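Chemist: Feature list, courtesy of TrEMBL:
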type     : residues : note
DOMAIN   : 10-380   : domain 'Major facilitator superfamily (MFS) profile'
TRANSMEM : 12-29    : transmembrane segment
TRANSMEM : 49-69    : transmembrane segment
TRANSMEM : 76-95    : transmembrane segment
TRANSMEM : 101-125  : transmembrane segment
TRANSMEM : 137-155  : transmembrane segment
TRANSMEM : 161-185  : transmembrane segment
TRANSMEM : 206-225  : transmembrane segment
TRANSMEM : 237-261  : transmembrane segment
TRANSMEM : 273-291  : transmembrane segment
TRANSMEM : 297-316  : transmembrane segment
TRANSMEM : 328-350  : transmembrane segment
TRANSMEM : 356-375  : transmembrane segment
Amino acid sequence: MLYKSLLLRARLATSLMFFINGVVLAIWATNIPELKRNLALTDQQLGFALSGFAAGTMITMYIAGILATKIGTRNTLVLGGILLSFTIPLCAYAPSYTTFVASILLLGVINSIYDVAMNSHACVIEIERKKVLMPSFHALFSIGGLIGASTVAVLLSDKLGATYCLTLAGVLVFVATIISAFFLVDIRPEVQANEGKVKFRLPNRTLLYLAFLTFLALFIERTLIDWSSLYLTDISHVSTNIAALGFAGFSLAMALTRLSGDYFINKFGESKVLITSGLAGAIGLLLAIIFPTPTVSILGFLVVGLGLGNMIPVFYSRAGKVFPESPAVGYALNGTLGYTGFLIAPIIIGSVSTDYSLRIAMVLPVLAFIFLTIVHMKPKQVSITTPHAR
């Protein structure tokens, strides 16, 4: 067992890293419309380019899990943070479509290293505390997204472009990483359990089931991250800075849901919370599709944030506990498989949007919400309140 002071230190440091990741990814996401205009891309071209992020993530995620096991989550987080600080501005400096795609692919690779390490930290802390904590960690990510999107709204209103915004994001993550390096705790339960040896793992049936649920949730999240701002500018006809505020509302709703997620899941159970979440998400997105006015669309995306907020933390938490002695490996396996949703969402949404319309394309995440609601009406779930169960 970790000492209480060490556990608190680990929790605070990990929370900071979730927050910073939310800030920089929100700055990136809310600059997508300008990056698209700068290179004169079609929706289909943009969708293919954005899929590079998920492709880079999938390529690296399992390797990142092994890396976190070998050198520790602290060292992996610091490495990922420093590399991310230099990688995220590259997208704004890309002179051509080819270099733009390459820069997004590299961003996915580097962010994967960062992502695996911080979620593995969170899984270990949950196991040690024997209670649900993952939603609160992801709440900090959403709060970071809110602050990042709000910052971009202000910067764009002052006529500062994507180059300035993404360079600022790089500086922020670099400074935060250097500061947090002094407070992060090196946690390697896998190495302790296996005497320094990392066992190769194949996903079992439980992990495959979780990966499919994660796939759907990440498909929804990626759609909202990449296309909500474009939906507001192209369909609801708002300015870019107002569209950034729409994304901020989505992030705020995610944060509020996750801040209360620990309490509601411990009190009512996963299934009831996730059923309610799925219904809310489907209704919110349908509102934006049927009534695409600026006010209703922004309100709809906010409701989607309320619905989606607790889904991904729950699935990540379950995956990290499938192999209690190797949270990083369990999380990485789930992520590698589940991130196909992140990979194909831009391609599918971009293609459907080009062939039909973005409003039609947004029906797909509605269907995903409905499916996630239905499957949780059956008691075939892996409890996250029994972290040592196999």
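The backbone N, Cα and C atoms fix where each Cβ goes, glycine too.
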Chemist: Count, for each of 49-69, 237-261, 356-375, the Cβ pairs lying under 8 Å from the transmembrane segment (137-155), and report the range with the highest count.
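Modeler: It is 237-261, which has the most Cβ pairs under 8 Å.
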Chemist: Suppose you look only at the domain 'Major facilitator superfamily (MFS) profile' (10-380); what would the mean pLDDT be?
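Modeler: Averaging the confidence scores along the domain 'Major facilitator superfamily (MFS) profile' (10-380) gives 84.
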Chemist: For the transmembrane segment (49-69), which stretch among 12-29, 206-225, 328-350 has the most Cβ pairs under 8 A?
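Modeler: Ranked by Cβ pairs under 8 Å, first place goes to 328-350.
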Chemist: Among 76-95, 161-185, 297-316, 328-350, point out the range having the most Cβ pairs under 8 angstroms from the transmembrane segment (12-29).
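Modeler: Looking only at 76-95, 161-185, 297-316, 328-350, the most contacts with the transmembrane segment (12-29) come from 161-185.
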Chemist: When you check the transmembrane segment (206-225) against the transmembrane segment (328-350), do you get at least 3 Cβ pairs under 8 Å, counting only pairs 6 or more apart in sequence?
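Modeler: Result for the transmembrane segment (206-225) with the transmembrane segment (328-350) is yes.
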Chemist: Are the transmembrane segment (161-185) and the transmembrane segment (76-95) near each other by the rule of at least 3 C-beta pairs under 8 angstroms (pairs 6 or more apart)?
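Modeler: Contact confirmed: at least 3 Cβ pairs fall under 8 Å.
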